[in-house]
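Visitor: A single structure is presented below for examination.
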Amino acid sequence: MATVLRAHSEHATWRDYLELTKPRVVLLMLITSLVGMFLATRAGVPWTVLLFGNLGIGLCAGAAAAVNHVVDRRIDSIMARTHKRPVTAGRVSPAAAIAFALLLATAGMGLLLLFTNQLAAWLTLASLLGYAVIYTGFLKRATPQNIVIGGLAGAAPPLLGWVAVTGHLSAEPLLLVLIIFAWTPPHFWALAIHRKAEYAKADIPMLPVTHGEHYTKVHILLYTLVMFAVTLLPYAIHMSGPLYLVCALLLGARFLHWAWVLYRDSKPHAAINTFKYSIWYLFLLFIALLADHYLLLNI
């Protein structure tokens with residue numbers, strides 16, 4: 001493995017290998033994982049779990065992303081957003097990228113097994129395989145519902161963080177997964193509308209390509225309504241308090257606004273603006289969960 005990586009060191013820089021891990025995507029995942037850890041306990045999270053647990057989850061997420069670069073290199077070469085990625089551009093060979101992914105996954109699993117618990121480690125591995133193999137290798141090319149079905153893998157981080165602390169499953173982290181699961185379709189379908197021509201050229205059956213933009217916009221609006229309702233459940237089951245409820249209502253109302261604007265096609269660049277807002281939405285929603293958790297502890 002080290003030989004493969006060294007063989008391409010003349011062409012690739014550390015930035016290329018960092019790019020393989022999709023660091024911005026992984027950062028958002030780690031924020032939700034971190035929130036899951038803190039929500040799991042009324043006491044402090046042990047620093048070893050906090051540090052090495054999140055590092056292990058992040059390394060495994062980076063490994064899945066690196067595999068995605070290899071499997072999607074033909075698609076990436078067609079799309080303007082991705083044609084300069086390291087594997088597609090030839091700066092990192094597919095073999096080197098896979099070796100790098102194996103290295104990250106091994107290190108990540110090792111950290112999780114050493115510093116958290118077996119359930120957290122195996123759930124993380126299942127999430128890695130779900131994204132890298134089931135979604136990237138099969139679903140993405142097989143069905144316009146690829147994002148809906150494959151969204152479970154991407155929704156796992158708060159569950160992984162929670163289980164890393166507690167060592168067992170419960171309803172609360174599954175609700176956090178459900179929030180991200182409901183958020184995923186409007187998030188990705190908005191981008192798919194913006195990049196519809198490129199997905200069509202790459203022969204990827206994204207919903208706007210197979211069913212048209214109007215159909216997709218209707219479903220973005222419907223999923224946003226579902227997501228809005230789901231985000232109120234933490235308050236309904238007394239998992240969170242008034243601060244979170246107010247934030248969820250305000251953030252959700254803004255998301256619904258963008259989904260409606262996109263549906264009505266009433267503003268230019270509505271699709272990409274909906275996509276961009278959705279990223280901030282998820283980040284701020286989970287920060288609100290965290291802030292509310294500690295506010296309740298101090299009351």
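A Cβ is built for glycine as well, from the same backbone N, Cα and C atoms used for every other residue.
These came from Swiss-Prot, pasted as-is:
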TRANSMEM  25-45  transmembrane segment
TRANSMEM  47-67  transmembrane segment
TRANSMEM  95-115  transmembrane segment
TRANSMEM  119-139  transmembrane segment
TRANSMEM  147-167  transmembrane segment
TRANSMEM  173-193  transmembrane segment
TRANSMEM  218-238  transmembrane segment
TRANSMEM  243-263  transmembrane segment
TRANSMEM  279-299  transmembrane segment
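Context for these features, please: burial, neighbours, distances.
Guide: Here the transmembrane segment (47-67) has long-range neighbours at 20-23, 25-26, 29-30, 33-34, 37, 97-98, 100-105, 107-112, 114-116, 120-121, 124-125, 127-128, 131-133, 136, 153, 157, 160-161, 164-165, meaning same-chain residues at least 6 beyond its ends whose C-beta is under 8 angstroms from one of its own.
Cβ atoms under 8 Å from those of the transmembrane segment (95-115) belong to residues 1, 4-5, 7-8, 12, 17, 20-21, 48-49, 51-53, 55-60, 62-64, 66-67, 69-70, 86-87, 121, 124-125, 128, 132, 164 of the same chain, restricted to positions at least 6 beyond its ends.
Counting only same-chain residues 6+ beyond the ends of the transmembrane segment (119-139), those with a CB under 8 A from a CB of the stretch are 53, 56-57, 60-61, 63-64, 67-68, 71-72, 101, 105, 108-109, 112-113, 145-146, 149-150, 152-154, 156-157, 159-160, 163-164, 167-169.
Counting residues 6+ beyond its ends, the transmembrane segment (147-167) has Cβ neighbours under 8 Å at 29-30, 32-37, 39-41, 45-46, 49, 53-54, 57, 61, 64, 112, 116-117, 119-120, 123-124, 126-128, 130-131, 134-135, 139-140, 173-174, 176-181, 184-185, 188-189, 192, 206-207, 286 in the same chain.
Remote same-chain residues near the transmembrane segment (173-193) are listed as 32, 35-36, 39-40, 147-148, 151-152, 154-159, 161-163, 199, 206-209, 213, 216-217, 219-220, 223-224, 226-227, 230-231, 233-234, 237, 239, 255, 259, 262, 271-272, 274-275, 278-279, 281-282, 285, 289 (criterion: CB distance under 8 Å, separation of at least six residues from the stretch ends).
Same-chain residues lying 6 or more positions outside the transmembrane segment (279-299) and placing a CB less than 8 Å from one of its CB atoms are 28, 31-32, 34-35, 38-39, 42, 158, 176, 179-180, 183, 187, 231, 234, 240-244, 247-248, 251-252, 254-255.
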Visitor: Using Cβ atoms and a strict cutoff of less than 8 Å, what residues sit near the transmembrane segment (218-238) while being 6 or more residues removed from its termini?
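Guide: Residues 171-172, 175, 178-179, 182-183, 185-186, 189-190, 207, 244-245, 248-249, 251-252, 255-256, 259-260, 262-263, 274, 285, 289.
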